[in-house]
Amino acid sequence: TFILLIITFELTILGTFITRSGLIDSVHSFSPHPIGYYFLVYIVISAVVYLIMLIQNKEFKNIVKHDEEDFKFLSRTGFVLISNWFFIALTIAIAFGTLLPIVTGSNFNITYYNRATAPFFFLIFAASGLGLLTGFKISNMAKYRFRLMAALLAAVAGIIIMVILGYTQIISLFLCFSIYFSGAAVLIRIFTSFKSKGKVSIKSANRFYGAMIIHLGLVIIAFGIVISSFYMFKGEYSVTPGAVLDYKDYKFEVGSHASIQEQNYIAEYVPIKIYKNDKLITTAFPEMRIYSSHSEQIYREVAYYSQFTGDLYFALYTFNQDGSMVILFIHQPFVSWIWVGCLIMAIGAVFGAFSFKRKEENNDDKKSYLVTENNLNHIL
């Protein structure tokens, strides 16, 4: 885990080096500048320093030695190790797709990343779920068979519901199966802990529940990423004012385009009324802007409507000479769940941090009491 933390930090700096040096063509890249190579020098120096400090740390050596002596492969510790190895493999797959264009000049599209990363995400969530359902240093999986069966049944039920609702892409179903399994494992751990210790466990094990909340948030983020990626709809339409577009339960009525002039830009926009089940819910206003400081370039302002089950995006591409216009429409289901998961993870972090702070305060109170008692004995 310590090594993964170091690798994560160094890869973050590597991403900065790639964009600042202009080695790859990206929307986040900058023009070539020698400052990028200072980041590369920092990566090499910091990596060497961190590894030397880690190797020479006696406490780290004792932890590694102790874990090697008591290590059980089919235990919580073992599944954490397995997850870490899968994370490393996932990193290599992503780094390969990111860095290879620097050498070959060829680019990988989203299809490569979906196919290359999907197996590792499946295995990571499956391993994390198994780790949550098993015990530390206990390799007897039969002891936890009821927990495992409950989590598996919950995952199967989730997949059945997805198929009924029309989510039938095979890769997404496999990924969601492991996500549901991991999420069910979190809920089972919380239930068993609360059942065995009652309300006292919430007060005495805030760090445990904080970790469970964080893991639950991660599961929700993963679900949002999978569904919004695999079931995103993208359509480009050439329409005239008054046209009506149909999409599932929605209807989009395109209005006549108009123009506005602000202090620093001129904009052409089109009002698009959004109906759901024949009921008007909102009006979107995608724009094409020309700023006075960049008069030769057109900037497109995307209009969107966000809701819990998915977001709708509209972009105005161009106006044709015959009076028609080209509109890009995108629907990403459950993309807002990514932000919900982030919020839940933040709540879990605060929950755990508050517990840690409260324990420190209690320890300080005990120390001050002992000091006072010792001073009193000395006086007597």
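Sequential numbering from 1, following the chain as shown.
Note that Cβ sites are derived from N, Cα and C of the backbone, with glycine treated the same way.
Summarising the annotation, TrEMBL assigns transmembrane segment to 35-56 (among others). Residues 2-3, 6, 9-10, 13-14, 16-23 of the same chain, all 6+ positions outside the transmembrane segment (35-56), place their C-beta atoms under 8 angstroms from a C-beta of that stretch.
Per TrEMBL, domain 'Cytochrome c-type biogenesis protein CcmF C-terminal' is recorded for 67-352.
As annotated by TrEMBL, transmembrane segment applies to 77-104 (among others).
Nonlocal intrachain contacts for the transmembrane segment (116-136), taken as residues 6+ away from its ends with a CB within less than 8 angstroms of a stretch CB, comprise 74-80, 82-83, 86-87, 89-90, 93-94, 96-97, 143-144, 147-148, 151, 171, 174-175, 177-179, 181-182, 184-186, 188-189, 215, 219, 222. As annotated by TrEMBL, transmembrane segment applies to 116-136 (among others).
Annotated transmembrane segment per TrEMBL: 148-165 (among others), in sequence order.
What TrEMBL lists as transmembrane segment is 171-191 (among others). If you look at the transmembrane segment (171-191), the same-chain residues 6 or more away from its ends with a CB under 8 A from one of its CBs are 114-115, 118, 121-126, 128-130, 132-133, 147, 150-152, 154-156, 158-159, 162-163, 209, 212, 215-216, 219-220, 222-223, 226-227, 230-231.
With a cut-off of 8 Å between Cβ atoms, the residues of this chain six or more beyond the transmembrane segment (212-233) that come close are 110, 114, 121, 125, 128, 132, 167, 169, 171-172, 175-176, 179, 182-183, 186-187, 189-190, 247, 310, 329-338, 340-349, 351-352. The feature transmembrane segment is assigned by TrEMBL to 212-233 (among others).
Here TrEMBL flags 334-356 (among others) as transmembrane segment.
The list of residues near the transmembrane segment (148-165) in space but at least 6 beyond its ends in sequence, with Cβ under 8 angstroms from a Cβ of it, reads 129-130, 133, 141, 173, 176-178, 180-181, 183-185, 188.
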